[in-house]
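Colleague: Mind looking over this structure? Questions follow.
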Amino acid sequence: MDVNGRDDLKAPLLQPSDSVAITISETNNKRERKHRTAKFRIGDIKCASCATSIESVLGKLNGVENAMVSPLQGEAVITYIPELINAKEIKETIEDAGFPVYEFPEQDIAVCRLKIKGMMCTSCSESVERALLMADGVKTAVVGLALEEAKVHFDPNVTDTYHIIEAIEDAGFGADLISSGNDLNKVHLTVEGVNSDEDAIIVRSSLESAVGVTGVEMDLGERKVSVSYNPDLTGPRSIISCIQEAGRGSKSYNAHLYVALRRRETEQLQEILRYRNQFLLSALFSVPVFIFSMVLPMLPPYGNWLDCKIHNMLSVGMLLRWIFCTPVQFIVGRRFYVGSYHSLRRLSANMDVLVALGTNAAYFYSVYVVIKALTSNKFEGQDFFETSAMLISFILLGKYLEVLAKGKTSDALSKLTELAPETAHLLAVDSDGNFVSEMEVSTQLLQKNDIIKIVPGAKVPVDGTVINGQSHVNESMITGEAIPIAKRPGDKVICGTMNENGCILVKATHVGSETALSQIVQLVEAAQLARAPVQKLADKISKFFVPMVVVAAFMTWLGWFIAGQARLYPEHWMPQAINKFELALQFGISVLVVACPCALGLATPTAVMVATGKGASQGVLIKGGNALEKAHKVKLVVFDKTGTLTLGKPEVVSDVLFSSYSMEDLCDMATAAEANSEHPLAKAVMEHANRLRLKNGSYTEHVTEVKDFEVHTGAGVSVKVGEATVLVGNKRLMQACSIPVGPEVEDYILKNEQLARTCVLVAIDGKVAGAFAVTDPVKPEARCVISFLRSMGISSIMVTADKIKELQMKGMNVAMVGDGINDSPALVAADVGMAIGAGTDVAIEAADIVLIKSNLEDVATAIDLSRKTMSRIRVNYVWALGYNILGMPVAAGILFPFTGIRLPPWLAGACMAASSISVVCSSLLLQSYKKPLHFQNTQGESHYAKSA
């Protein structure tokens, strides 16, 4: 954002992916038939009779509820039941009637976001994705393991969110709807006074007839109504007023905002509490088992009572361990059985399978030992109940610590969502524009064009324009700009920023989901779901990881068992009270539970989550892991010139006289001539003239009669100033008007053109009287940023868009930095497109990375952050693969023959849990990321402070 705060966020940062004008009105979850409204553009409608004919034909179709055809606009608005008929069949019917259809919704694509429950590793996320893609009507589905969310594009004519959730649940996972695509401009209200179907019909009819309302959904059970609307025509307060005005006589209705729990934070807290409670319950039974098996037997005579025989060889200690272990195995550990069942049912395997196999092997072998001890007076065997109980406890402890750490990965996003204030001071205005009252309202009730009073220390609740007052606004939370920005009437303010010291009145231009803050949050959420190409490594490994581990565990057990039976190792290797079968079994179980597919699955998404959130807090919006991965490979940055490397505001850098006129007179003539021109060069000349007057102590402008003003396109202007004829323009204008351009003037023009400056000549009464050299100044930080990029091994050039492909053909990874519509093809063509200074809507859509401010330092920040993130992902893979590559051989007993060191199953489980925690904590280190460059401009000198 420019430091003067005048950047105009003219539209949301994210545009809807579909531009088809369709209004969707879905009923509640009671599975009633849904109606859909679609708009068709029809040709050859010549009169009202044609419109009537089309309406008649459509009225006969089964499933078409209503059809209205406008002969003037050539459009038809048709309401139909998607379960009975689709848009294509309606189109064919109209064409069969002899009228061509030019525009129609060939296929409606709706979007929803879902919270997925029960995913533990990459295999789980792939299973959910596969189940979604197999569901009828689902076009695309992306599942984020770390975020535990899914984004689904589907055809609403074929399926809906109810069936999509059903498909996920059939796959063995839980799912809750977070939002659907048409939730952006929707208000949810609790309605009072609606006690019957008649009341519901009255309220619905009143809302549907209101201007700007595009859809109404009612839930009588919860007394809730959800209203979709056009924010340019209406808003939440108007909708509430409409409900209140629907009351007649004894019937009165009222409505207020439906207060829903903050889903993300609530579910995160519930998950943390669930794992904590499961761990504590498991520990309640596991600690006694551990004490009975590992502690008391080593403290005689305190543990001697455990060896007392109950019947035959069954001891008190063995029975107690069995009693305490069983609830852990089947009650606390039930989640592993359920997860394994659903995983195997869909012909895949995840961590639940490994845990279930390992704990079952330990538990049921121990039960076998108990039965043999009970029925034999000579049998001696060692039970492994402590292995099963402690293994489950350590895994649950690991999951508890993991969800605590994973919650921290989305801290930056949570902080962004909390920036918007809860309430705002709304000013009421009478018909004459006078402020008549002030009231505090929820920010969710604000509408476009509302006048908001923002006092010192308050947050800005909307995107808007200052209409009264002056202040300084701290925008660091949105743009990363540390210095408060001065705001005056006409300046723009951003939702979520902090008003520092003055009271200002702001007219709302964007509210709710259309504010820049809301769009940033949506972009970051979408980015955190996007899968980075580097994650393909984990996806490939996960497909065969669990079966490979199971085979490795079986081979470990078999190898040690055969070696023991064949007496391939000496007897003194055997631990006390364990036979050869039990030793082999322990090695096999350790291999099963030490392997961890979860850490591999978390290596990439957790780092991407932290990086995208951290980038957003510093004004760098990265559209997912793909953009991060491409940006870290960049070796060449292509800059657009105007507005990117330059300030985008021409200014006069030198002036000269070629006549006896004084500079003040020359400026007066030029100002008078350019007063009616909107050209940027004209404004630069006028500002220069005003500065000279101030410098010379002349604070009043000379008002001279001006007439015969004429614009010469691409050359300049001519005008009559008093009695003098004045021309202001380039050399071509002088030549066209037969004004001689002498050698002195030619030399001045040539000298400045070599410096990439534009010369504005001023001719008075047929002679060139003077000239101004105008240039678009390079941003003060440009030199240092390009120098810093060079130190990163990145070259910087300025070329036209058609050269980007040529550079890519040479094997270069190219980033393009631009800010306008003309840059969008180049942004798309480049490996990484960066829209700087919030750019235009088209540039933002085309870009991979959006830089909120106009500071070039953020180009370096984006590339540096991407490099740091990819480096962190590689470290994460080292952790994840390191645990498995080193842990599995140790668990299999590779060190046992040489050192006597072996990894007990319960300790192997603790190592497995630690691997996931270490990966998440490694990703969290990105939260300490600082910008590599900080531009400072003091006393006219520009330099950078490099961060540590």
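Numbers here mean position along the shown chain, with the first residue as 1.
The backbone N, Cα and C atoms fix where each Cβ goes, and this holds for glycine too.
Found this in TrEMBL, in case it helps:
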type	residues	note
DOMAIN	36-102	domain 'HMA'
DOMAIN	110-176	domain 'HMA'
DOMAIN	185-251	domain 'HMA'
TRANSMEM	279-299	transmembrane segment
TRANSMEM	319-337	transmembrane segment
TRANSMEM	349-371	transmembrane segment
TRANSMEM	383-401	transmembrane segment
TRANSMEM	544-563	transmembrane segment
TRANSMEM	583-604	transmembrane segment
TRANSMEM	877-900	transmembrane segment
TRANSMEM	906-926	transmembrane segment
Colleague: Cβ under 8 Å, sequence separation of at least 6 from the ends of the transmembrane segment (383-401): give me the contacting residues as numbers and ranges.
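Modeller: Sequence-distant neighbours of the transmembrane segment (383-401): 272, 275-276, 278-279, 282-283, 285-286, 289-290, 292-294, 318, 321-322, 324-325, 328-329, 332-333, 336, 355, 358-359, 362-363, 365-366, 369-370, 582, 585-586, 589, 593, 904-906, 908-910, 912-914, 916-917.
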Colleague: Report, as numbers and ranges, which residues of the same chain sit near the transmembrane segment (583-604): CB under 8 Å and 6 or more residues beyond its ends.
Modeller: 120-123, 125, 145-146, 350-351, 354-355, 357-358, 361-362, 365, 384, 387, 391, 395, 402, 406, 531-532, 534-535, 538, 541-542, 545-546, 549-550, 552-554, 556-561, 564, 574-575, 625, 873, 876-877, 879-881, 883-884, 887-888, 890-893, 902-905, 908-909, 911-913, 915-916, 918-920, 923
Colleague: Take the domain 'HMA' (185-251) and average the pLDDT across it for me.
Modeller: 85
Colleague: Between the stretches 279-299, 349-371, 544-563, 877-900, which one has more Cβ pairs under 8 Å with the transmembrane segment (319-337) than any other?
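Modeller: Ranked by Cβ pairs under 8 Å, first place goes to 279-299.
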Colleague: Give residue numbers and ranges for long-range contacts of the transmembrane segment (544-563): same chain, 6 or more residues beyond its ends, CB-CB under 8 A.
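Modeller: Distant Cβ neighbours of the transmembrane segment (544-563) are 123, 349-351, 353-354, 357-358, 569, 580-581, 583-585, 587-589, 591-592, 595, 597, 600, 888, 891-893.
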Colleague: Mind checking which residues reach the transmembrane segment (877-900)? Cβ under 8 Å, same chain, six or more beyond either end.
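Modeller: Cβ under 8 Å, 6 or more out: 537-538, 549, 552, 556, 560, 569, 573, 587, 590-591, 594-596, 599-600, 602-603, 908, 911-912, 914-915, 918-919, 922.
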Colleague: On the DSSP side of things, how many residues of the domain 'HMA' (185-251) fall into helix, strand and coil, could you say?
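Modeller: Its residues fall into 22 helix, 20 strand, 25 coil.
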Colleague: Determine how many residues of the domain 'HMA' (36-102) DSSP places in helix, in strand and in coil.
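Modeller: Going through the domain 'HMA' (36-102) residue by residue, I get 22 helix, 22 strand, 23 coil.
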Colleague: Can you break down the domain 'HMA' (110-176) into helix, strand and coil residue counts using DSSP?
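Modeller: Split by secondary structure, the domain 'HMA' (110-176) comes out as 23 helix, 24 strand, 20 coil.
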